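Annotation source TrEMBL lists active site, proton donor at Glu86. Feature annotation from TrEMBL assigns substrate binding site to Asn73, Val74, Glu75, Asn76, Ala77, Ser78, Tyr79. As annotated by TrEMBL, Zn(2+) binding site applies to Cys84, Cys128, Cys131. Annotation source TrEMBL lists domain 'CMP/dCMP-type deaminase' at 32-170.
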Amino acid sequence: MATQTTIPPPILSATSPADIASTCETFALSREEFDNLHRSAKEAKSHSYSPYSKFRVGAALLTQTSLIITGANVENASYPVTTCAERTALCKAVTTVHPPNSISWASKTLKFKAIAVATDISPPASPCGMCRQAIREFCSVEIPIIMFDGENGYAVLRLKELLPLSFGPEALGKEDLGRRGDS
């Protein structure tokens, strides 16, 4: 039986113009979009409700129309009830139209271009398994997930690298829903 070895992504510098330029070119982001994602995810982290773990997480979703929708983790004394930052942002995006052109309910399409996640730890933390599956519901497997740490480092992987052999809406005959994501 073959085994698969996973190589961790390189840790890049959020203060390095060369690292940022390479990331922007690879993932079709402008420098302004990258900076807005970084700033928004860090700002969202400041709204975390994490009295138990003290593990603050902020997330920012970038739409194709350059709108950023944010979320922070919200803990609960009953740990399974905790909601991660990524799922908070996704739920806001799905239930709120900002502006009407960014979400087309007629075609059941949300268009996301990138996702950023910010934590206080280093190296950067990736979305948990539940969040990866939630992202899969609404985003293309090609979407880049930029993970920022607490020391101006970051790593980037596409959803398909974080969630290989994923199960999405098309597996249930909902191909139109499975295309919710970047073009």
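Glycine is treated like the rest: Cβ placed from N, Cα and C.
Taking a C-beta cut-off of under 8 Å and a sequence gap of six or more, Ala77 (substrate binding site) has these contacts in its own chain: Tyr52. Put simply, of the recorded positions Cys84, Glu86, Cys128, the one whose Cα is nearest the Cα of Glu75 (substrate binding site) is Cys84. Sorting the binding-site residues Asn73, Asn76, Ser78 by the number of other Cβ atoms within 10 Å puts Asn73 first. Neighbours of the substrate site: apart from Asn73, Val74, Glu75, Asn76, Ala77, Ser78, Tyr79, residues of the same chain with C-beta atoms within 8 angstroms of the site's C-beta centroid are Tyr49, Tyr52, Val81, Thr82, Thr83.
Considering only the recorded positions Asn73, Ser78, Glu86, the residue whose Cα is spatially closest to the Cα of Cys128 (Zn(2+) binding site) is Glu86. Same-chain residues with CB within 8 A of the center of the Cys84, Cys128, Cys131 CB atoms, the Zn(2+) site residues themselves not counted, are Ala85, Glu86, Arg87, Pro127, Gly129, Met130, Arg132, Ala134. Long-range C-beta contacts of Glu86 (active site, proton donor), restricted to its own chain and to partners at least six residues apart, with a cutoff below 8 Å, comprise Val57, Ala59, Gly71, Ile115, Val117, Pro127, Cys131, Ala134, Ile135.
Residue counts for the domain 'CMP/dCMP-type deaminase' (32-170) under DSSP, helix first, then strand, then coil, are 47 helix, 38 strand, 54 coil.
On a Cα basis, Cys84 (Zn(2+) binding site) lies 6 Å away from Val74 (substrate binding site).
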